[in-house]
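Per TrEMBL, the features are:
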- 16: active site, charge relay system (ACT_SITE)
- 63: active site, charge relay system (ACT_SITE)
- 266: active site, charge relay system (ACT_SITE)
- 63, 64, 165, 182, 237, 238, 264: urate binding site (BINDING)
- 63, 64, 165, 182, 237, 238, 264: 5-hydroxyisourate binding site (BINDING)
- 63, 264: O2 binding site (BINDING)
């Protein structure tokens, strides 16, 4: 929150970071259990300038109170809910319960616990830790205004063919050969913004955002890899990135913009030069994996009326 103070412009906010909470939902009378583990970050924008300039803490919501609120609100959720729903619930509480809080930002990273399958059967209460993480951020104003984003972090993908890189700028510093046959690997970070501008417009369908998260991830994977038989050719990481973003916006009308970061994870063909200058070629089947240094490729695609 910004203030004019003694001829200066002063901005402040406070919150609680990395509040870890796990919630288990047990089915009545037996059956499947469900669980989530979240890391919650809370930021409050509030009128508590007196704490800074007059040693008066009477308007401060203690960060320890914020932490405890996470646990209490998790307990109150008797039905399983998505990270997006919980983020909105928390932010709405802080803006509605405290008169001095004008807006709240709640960010959540969900740890990827997945139900295990044994002999083809899903286990009732057994889970294993997966890889990529489900992320979300809800910005809620006292008026009920909403800015909601979701995302995928750490989605590592690789294909062993159907990728090339040709026709790029060549000068005296260029050593990279052109190719139509290379491995393509990256770690995808995706963030998409929903078009809902108020809490009242958020879909009330249970676990709607969990379903949308899985749908977006499926579009990312299917666009990157192509059909199971034959795949699809990638002329560059940039081209594949754009095709993914375009596919997401075409498929999901309630997503207004999508941002992707896709750094190159390099697999360099190994060729060995011996001391008598004999070169041993491995025919592009033995590689040196390396991600340092790596190419940094990112872009955002938005509908005309939307910006990230």
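Here the Cβ of each residue, glycine as well, is placed from N, Cα and C on the backbone.
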Cα proximity to residue 165 (urate binding site), best match among active-site residues 16, 63, 266: 266
Listed recorded positions 63, 64, 264, filtered to Cα within 10 Å of residue 16 (active site, charge relay system): 63, 64
Euclidean distance between Cα atoms of residue 264 (urate binding site) and residue 63 (active site, charge relay system), Å: 39
Rounded Cα separation (Å) that holds between residue 182 (urate binding site) and residue 266 (active site, charge relay system): 10
Greatest C-beta neighbour count within 10 angstroms, which of the recorded positions 182, 266: 182
Among 16, 63, 64, which are recorded positions, the residue with the most C-beta atoms within 10 angstroms of its C-beta: 16
Close in space, distant in sequence - residue 264 (urate binding site), Cβ under 8 Å, 6 or more apart: 185, 186, 237, 294, 295, 297
Those residues of the chain, 6+ apart, with a Cβ under 8 Å from that of residue 238 (urate binding site): 297, 299
Cα separation, residue 64 (urate binding site) to residue 266 (active site, charge relay system) (Å, whole number): 44
